[in-house]
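**Q** Can you read through this structure? Questions will come right after.
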């Protein structure tokens with residue numbers, strides 16, 4: 001496979017003096033809007049979502065990073081492979097194939113965090129996965145692109161946007177850290193901030209979605225193949241991520257989280273990489289794919305949230321139709337079981353952390369009742 005790119009035209013100095021096509025000119029104006037809206041959205045959302053993160057649970061994911069490892073496997077194992085299989089299945093042109101592959105090699109996007117919150121997912125795991133995948137992208141993006149393009153005869157080097165990755169990390173870590181601090185110092189106020197952030201995030205998502213629909217409707221070409229790929233790519237990512245999480249014995253809450261993280265890519269990073277690697281004429285042929293992918297991954301997220309809310313409401317109505325006596329018995333049983341489980345876990349944790357000789361008593365985390373021993377005697 002040979003990309004129709006010349007190394008001389010790829011020089012930034014040469015590409016800057018070219019006359020931009022009409023589609024790219026309009027994209028340049030809309031890109032500024034998307035950049036400002038994305039910066040506001042990321043900053044507000046990550047601060048508000050940080051208010052839902054508990055330091056103890058976050059540290060637990062870092063100490064036992066099994067869920068994070070599964071998420072990284074989905075992000076840099078499944079997504080590039082899916083992109084490569086789509087390229088082969090649809091027999092894409094070289095330039096289109098590179099755009100799809102770059103999208104598959106990008107880290108997870110922060111859009112998945114707000115969707116995870118709406119489906120009652122594991123927020124600590126979601127933010128940890130987004131942060132770790134962005135850090136890992138510094139090495140995994142070049143590695144994946146090198147491995148999958150090894151058999152392609154490229155005449156142009158792809159530029160990894162390390163500066164964009166660093167900016168993403170700063171926009172992710174600082175607001176989350178502030179949100180965690182607010183949740184630690186003022187837990188009641190953090191709940192209010194979390195609700196406000198969720199509402200603001202929903203409004204910003206609607207603005208971006210409407211702008212994306214208008215952009216695609218105005219500038220989309222007759223190439224229906226890329227439009228089809230941009231629609232099915234995130235769906236396949238969500239499904240395969242959920243299945244892999246299920247096969248690795250993750251909880252249902254973590255399965256929802258890993259599924260959303262897998263199919264949601266950092267579209268802004270993909271656009272930056274395409275701008276740095278290709279000329280304006282080449283960019284005009286492929287930038288619609290990245291915008292369409294961003295639009296469809298948001299629509300898929302809304303559909304998943306709607307399906308979860310309907311399922312949750314159906315369960316609530318089902319329990320509401322039960323007899324009052326059954327509801328009271330169920331609630332009493334659930335409350336008692338929850339208290340017993342919490343007490344056992346706390347006792348087990350204290351036994352594990354406290355120094356002392358090992359033995360059957362330490363393994364079970366609770367002493368043997370003396371009454372039973374005396375009775376046995």
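Cβ from N, Cα, C; glycine included.
Keep in mind that this is a model prediction, so the values were computed, not measured.
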**Q** For which of the residue intervals 98-118, 329-349 does TrEMBL record transmembrane segment?
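**A** My reading of TrEMBL: the transmembrane segment range is 98-118.
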**Q** Pairs 6 or more apart in sequence, C-beta under 8 angstroms, 3 or more of them: is that satisfied by the transmembrane segment (125-148) and the transmembrane segment (222-246)?
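**A** Contact absent: fewer than 3 Cβ pairs fall under 8 Å.
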**Q** Under an 8 Å Cβ to Cβ limit, what residues of the same chain, 6 or more beyond the ends of the transmembrane segment (222-246), are close to it?
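**A** Non-local partners: 70, 73-74, 78-79, 82-83, 86, 90, 92, 96, 99-100, 103-104, 254-256, 258-265, 286, 288-289, 292-293, 295-297, 300, 304.
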**Q** Residues sitting near the transmembrane segment (98-118): Cβ under 8 Å, six or more positions beyond its termini, same chain?
**A** 3, 42, 45-46, 49, 52, 71, 75-76, 79-84, 86-87, 92, 126-127, 129-130, 133-134, 136-137, 140-141, 144-145, 148-149, 154, 158, 165, 168, 171-172, 194, 198, 201-202, 205, 226, 229, 233, 256-257, 260-262, 264-270, 273-274, 286, 289-290, 293, 297-298, 301, 304-305, 308-309
